[in-house]
């Protein structure tokens, strides 16, 4: 009986495999030149049904505005929780006994809070960020840093487990659906934070557990990492290699513009309403609007045939591993590591060399450099805590400073860098005029060879990544010795010249990855950006927050600027790794490259 079932199972598996291959073969002719008919069909669409970069230029800043408007109040929420629990004696309060029932906030509702929360969140007048000894106490600062680190780490671990799967999901189901799921996750997060801020004293445990639940929800749904990966994949779907980096830069600049507007908007709302809770209400309302925009208005960038092909390949892989061996179950347990396979070195053959097949380590080296850069960026929260502790910045001032920093980087990425790209690449090209700025807002009219590497574009992107790393090294060195808050802010704003490093690295990574595909084969960029999201979660959310949180908590009373030297070391190593990347020859049309899948 067991033998009969085994034969039946193998026969069924064989039939499924045959059917799947026949389905795949039927799709190949339609996908040999998928963009010729697609571009023509898209030109006949109404403008609101046509996928184009300008959709993301609207959604990207809108999303980042919502995220950053609550940064300063949320940071203050952490400090308030830490102050209430770890240093109630500093304010002369007992955490669980000093309540004021029916405290008036507005004409619409009342809540019960303790006096610490009242002075922090419900101050009738210009907001004061616990400018008493509790706010500047090293123990409270350390506790707030550890709290932020725990929340970010939980989010990061779950993002690490799910981000790669979400990237592949977007290849099979579309970028729009992934951005929509991320928007739902952000909406849930906004309501969670609002509940903690509003009902802080009524929640058992002071709201810690809801913040952890929020981190779990955000991690499972991917939220910001999945949204960013989907946006970059969306751009790669509708752009050529020559235009891709400029679009990456402009969309990244739009995100940073939102990062600049958000804190300023949040500070303005607090000043007008004298109630930081209003910022959380505003964020929740905007999240609802964002979710509706993504699900009901945003056009999909992937053609149905390409999504179907990705689904067929996914099913083929699942069927090929359908034998229930011990290795099968090990693979199932380690499913979250599978997306990282696209980053592994592969054997390549250089017909101009006598050395034969060699492993190409450029992509793993580039990803390691990217990880170290993300590790350095994970120090941002602790940089704000340092500025508040050293220079006495309050929530409103932090909001305005974040806006100034965001605007400087947005101006660089949206205006300055695209002009530099146009100028340099027009000099580098042997033929063909530079693309006009209007081309950035429209999908390509000619059938493009999407995402396949171009030697000149690759050289420029890699050179820009190296230049940006040098700027960031100088910035962190200057921040470590900034004697005043003004110089600290000035050095941070000048660091905008290094703002193109992440965008450049993603473009270089896509060039290297797409070189593994045949010339006319669509590149499943969602897999790559999903893998990069996994890397991002590891370095910026799992390793970075606890590392810098523990370092800052341990050194805040003795040498608080230690965090800048640690970040500086990460940038130096990343710059060295970027210099190990080799320039790549362009793949000729007639040369077949082995499919990585």
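Keep in mind that glycine also has a Cβ here, set from the backbone N, Cα and C atoms.
Residues 363-385 are the range that TrEMBL records as transmembrane segment, among 363-385, 432-454, 455-477. Looking at 206-235, 326-355, the stretch flagged in TrEMBL as transmembrane segment turns out to be 206-235.
Annotated range for transmembrane segment in TrEMBL, selecting from 278-298, 299-319, 509-529, 530-550: 278-298.
Scored by C-beta pairs under 8 angstroms, the transmembrane segment (206-235) has its highest count with 147-166, from the stretches 147-166, 278-298, 563-581.
Within the chain carrying the transmembrane segment (147-166), a Cβ under 8 angstroms from the stretch's Cβ atoms is held by residues 75, 78, 81-82, 178, 181, 208, 211-212, 214-216, 218-223, 225-226, 229, 335-336, 338-340, 378, 381, 527, 530-531, 533-534, 536-538, 540-546, 548-550, all 6 or more beyond its ends. By the Cβ criterion (under 8 Å, sequence separation of 6 or more), the transmembrane segment (397-421) is in contact with the transmembrane segment (52-72), since 3+ such pairs are found. The stretch from 52-72, 178-200, 278-298 with the most CB pairs below 8 A to the transmembrane segment (247-266) is 52-72.
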